[in-house]
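Working notes, beginning with the structure itself.
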Number of protein chains: 2
Amino acid sequence: MTRPLAKPTRRADAQHNVERILEAAVSCLSRDPHASVSAIAQTAGVGRVTLYGHFPSRDVLVEAALTRVLVEGEELLAGLDLTGDPRDALRVLIRSTWLLIAQSSAVLEAAQASLPPGRVHELHAEPARRVDQLIRRGQDEGVFRADLPASWLTSVLHHIMKGAAVDVANGQVDRTDAPRLISETVLAAYRVDG
Amino acid sequence: MTRPLAKPTRRADAQHNVERILEAAVSCLSRDPHASVSAIAQTAGVGRVTLYGHFPSRDVLVEAALTRVLVEGEELLAGLDLTGDPRDALRVLIRSTWLLIAQSSAVLEAAQASLPPGRVHELHAEPARRVDQLIRRGQDEGVFRADLPASWLTSVLHHIMKGAAVDVANGQVDRTDAPRLISETVLAAYRVDG
């Protein structure tokens, strides 16, 4: 009875370990871009040997973790309706993606230390383009200020989301309050007529 | 002729090395909270032995670097006239201290990993109080929004200053533009009537 199941089960176990390792890598690297392979293995609850069986080096693991958050972010972003009033679209974007974008930019930082810049840029281009496009559309339609460059407004959004994630991790901000705090702050900062 | 000068010169050299090491520590730790003693020695242009002669451990060096930026920040803040319209005061504060505050918060992050929390808090209390006080006064006088907590508004200021320092380091923002970008953004984010 166990024989026909043995192989799929082992495969399922391996898949389960890969999932746990990647989740642990994203969580560790977003808290500390220098997190070690041992720390990631420990968080995942697997041994170092198991981890190295799936990811032969730290660089390979960091790239896999980055790919994971960016693909997840891109899927989330692609599923959002960002047409309509750019202010409403920005609220939707922040509510749905702030934590993932905050994690991505922290993992991105970790990756910048170990991956070739071209690869990092390539992985990051599509989700970054969606956010940038929304901000530029808001400027073109006159609802977001145009006296500051779009690149800075994008930067501000990232700094505030990432900072809020740190505040949540430190217990200074309640996780459920974060999206509202971020939206209220960013929309005010973007408003026309300073 | 050299004999009477020998001792003061050696002392002056030592003082000069301490200054260079502390400057290097602040600059390295604010870019990377995990910067090694070797990296700091290299940036300072001194050998590891010289560095360890002045700072017997990495923890001692990190504490000295933190004390340096915080004392420098406190002196700068104490010398500013922060009375008058809180918006003007905030502009003055940002223009004079943004880079130092951005560096402090990065060195603070490095210190949090190695110093006892009580010591970090103690060193940081005075400059933090001045910023907090200005923001609360702005809320009390009705020129800064009170629909978001003062602690969050303070956090936003720090996140944006720190983020701008990273953007400057990456070459995305020109150093001379940074104070204006920060002020315009923070003052808009703080404005009453969202």
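Using N, Cα and C of the backbone, Cβ positions are placed for all residues, glycine too.
TrEMBL entries are annotated by machine, without manual review.
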*For which of the residue intervals A:36-55, A:156-175 does TrEMBL record DNA-binding region?*
A:36-55
*In the domain 'HTH tetR-type' (A:15-73), how many residues does DSSP put in helix, strand and coil?*
48 helix, 0 strand, 11 coil
*Please average pLDDT over the DNA-binding region (A:36-55) for the predicted structure.*
95
